[in-house]
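Here is the structure we will look at, set down as structure tokens.
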Amino acid sequence: MLTLYGNEYPSRLLLGTAQYPSPAILSQAVKASGASLITVSLRRESAGGKAGGAFWELIRGLDVEVLANTAGCHSVKEAVTTARMAREVFATNRIKLEVIGNADTLQPDVFALVEAARILTAEGFEVFPYTTEDLVVAERLVEAGCQVLMPWCAPIGSAKGPLNLDALRSLRGHFPQVPLVVDAGLGRPSHAAQVMELGFDAVLLNTAVAKAGDPVAMAGAFAKAVEAGHIAFQAGLLEPRDMAVPSTPVLGKATFQ
Ligand SMILES: CC(=O)[C@@H](O)[C@H](O)COP(=O)(O)O
């Protein structure tokens, strides 16, 4: 079970709800993923009027818990205001906090992120911060009251997979008790398995499923990969070795004269 802010979730996959070819495919993909939490961007959906009330109906009908996010916010003020609105709309204190600092890389503004996290946790929010893999920023977020950390593994939508495995490994080692969710940049199920094998608690992804040739099949593939990676981590993976080690015992082998 995945435990986040004291709540238990059967799946370790969190799924985004943007960019699907149709509402029906979104709905099927969420089901195929088995996701316990789905992210919804309050700002984009309500401002764009893309799907209006029908979108909210669909989301409610999925019967999956919603993690509203502050996607598209570029300042502390915007993010905090959006989080407060999300609390009213969804009647939950849970918020995925995104404060974008660079429009090209969609890199989080980690300074604004820490400030916004401090304000929101003081107001009783359960903050899920979208951050970089930076260890010191992670420490500041924990000091600000975050009980979950969500480092990217590559820029949002890039599908590059983990670019800095060493930093992710070191985050895991440094925060053994804090749930760590890799958020953004995963492109393939093998990427998800790779970070789960490092001992990450969960992954959050969107583009790799929504933009796949068959999003429903891809959602299922990611679900399996996440589970496999988690089981492998728990089972105890072998460390790579420099030298060959025979896997077949040589004692008692036949000798020829
Ligand atoms: C869905 C969501 O919350 C996104 O902000 C998230 O970062 C997804 O990233 P990818 O689209 O790269 O999976």
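Just so you know, glycine gets a Cβ as well, placed from its N, Cα and C.
For 4-249, the entry in TrEMBL reads domain 'Thiazole synthase ThiG'. Per-residue pLDDT, averaged over the domain 'Thiazole synthase ThiG' (4-249), rounds to 94.
Note on Lys96 (active site, schiff-base intermediate with DXP): other Cβ atoms within 10 Å of its Cβ, all shown chains, come to 27. In the three-state DSSP classification, Lys96 (active site, schiff-base intermediate with DXP) falls within a strand. Here TrEMBL flags Lys96 as active site, schiff-base intermediate with DXP.
Remark: Asn206 (1-deoxy-D-xylulose 5-phosphate binding site) has Leu15, Gly16, Thr17, Ala18, Gln19, Thr39, Gly157 as non-local neighbours, by Cβ distance under 8 Å and separation of at least 6 in sequence. Under the heading 1-deoxy-D-xylulose 5-phosphate binding site, TrEMBL lists Gly157, Ala184, Gly185, Asn206, Thr207.
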Largest CA-to-CA spread of 1-deoxy-D-xylulose 5-phosphate binders Gly157, Ala184, Gly185, Asn206, Thr207, angstrom: 9
All chains considered, the count of other Cβ atoms within 10 Å of the Cβ of Thr207 (1-deoxy-D-xylulose 5-phosphate binding site) is 18
